[in-house]
Amino acid sequence: MPEGPEIRRAADNLEAAIKGKPLTDVWFAFAQLKPYESQLTGQLVTRIETRGKALLTHFSNGLTLYSHNQLYGVWRVIDTGEIPQTTRILRVRLQTADKTILLYSASDIEMLTAEQLTTHPFLQRVGPDVLDARLTPEEVKVRLLSPRFRNRQFSGLLLDQAFLAGLGNYLRVEILWQVGLTGQHKAKDLNEAQLNALSHALLDIPRLSYTTRGQSDENKHHGALFRFKVFHRDGEACERCGGIIEKTTLSSRPFYWCPHCQK
């Protein structure tokens, strides 16, 4: 499943295609959304927001389309009039004069008013988004030490969207390697230096992944761009200590780590 950085980049692509342009045609697959087709035609997409792995498409008439891709949903951008060759099931089509965005295969789709947006169960449950520039390491540290989370093993905590939205398995693996901790650690057992390092890594690594993953580092500045240090690298040497990276399963997900330097 895509994690926060991938969802945010997808939202950026959708925004670039249709933000601020009048919608010339709107189509929904689900019967409960059909009444909104005429209401949205002629409106503008004003913003596409991410809350962890959910997308909120905001319209100029005050409505918001909530969608969660879950395992199989995917958005696509096409030229208006193009007919994509795919076996996926179309759920949403938002069309402008030149570009159209399509949502395939997702099933968790709702239209929300401004009031419903504040009471939606998933949005109420989800924690602060790691890509929200307003979120600080100090606030993350307070969250780590809160009664709700301080006694949770990191193996499960770093997958829990109620703790921090946008984290997922590869980020869990890379964050814990960065700070030299294992999945069995808990916040209550860390010293001040470890807590500070983890609080920063929980924001720095997702943000680095969002801004630079997939880009080439032409100047060869080590560490300037995101790349996997341990994820999917079992059997290779750890670049920090030379130990051999191992693979196991934690919280029902593959987990990669270096037993030599993650203590």
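Note that Cβ sites are derived from N, Cα and C of the backbone, with glycine treated the same way.
Features reported for this protein in Swiss-Prot:
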ACT_SITE  PRO2  active site, schiff-base intermediate with DNA
ACT_SITE  GLU3  active site, proton donor
ACT_SITE  LYS53  active site, proton donor
ACT_SITE  ARG253  active site, proton donor
BINDING   GLN70, ARG125, ASN169  DNA binding site
ZN_FING   229-263  zinc finger
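Sequence features annotated in Swiss-Prot and their locations in the structure.
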residue : record                                         : Cβ neighbours (10 Å)
PRO2    : active site, schiff-base intermediate with DNA : 15
GLU3    : active site, proton donor                      : 20
LYS53   : active site, proton donor                      : 23
GLN70   : DNA binding site                               : 13
ARG125  : DNA binding site                               : 11
ASN169  : DNA binding site                               : 18
ARG253  : active site, proton donor                      : 15
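Annotation note: ARG253 (active site, proton donor) sits in a strand segment as assigned by DSSP. Considering only the active-site residues PRO2, GLU3, ARG253, the residues lying within 10 A of LYS53 (active site, proton donor) on a C-alpha to C-alpha basis are PRO2, GLU3. Across the zinc finger (229-263), the prediction's mean pLDDT works out to 96. With respect to their backbone Cα atoms, ARG253 (active site, proton donor) and ASN169 (DNA binding site) stand 7 Å from each other. A gap of 17 Å separates the Cα atoms of GLU3 (active site, proton donor) and ARG125 (DNA binding site). The two recorded residues, PRO2 (active site, schiff-base intermediate with DNA) and GLN70 (DNA binding site), show a Cα separation of 9 Å.
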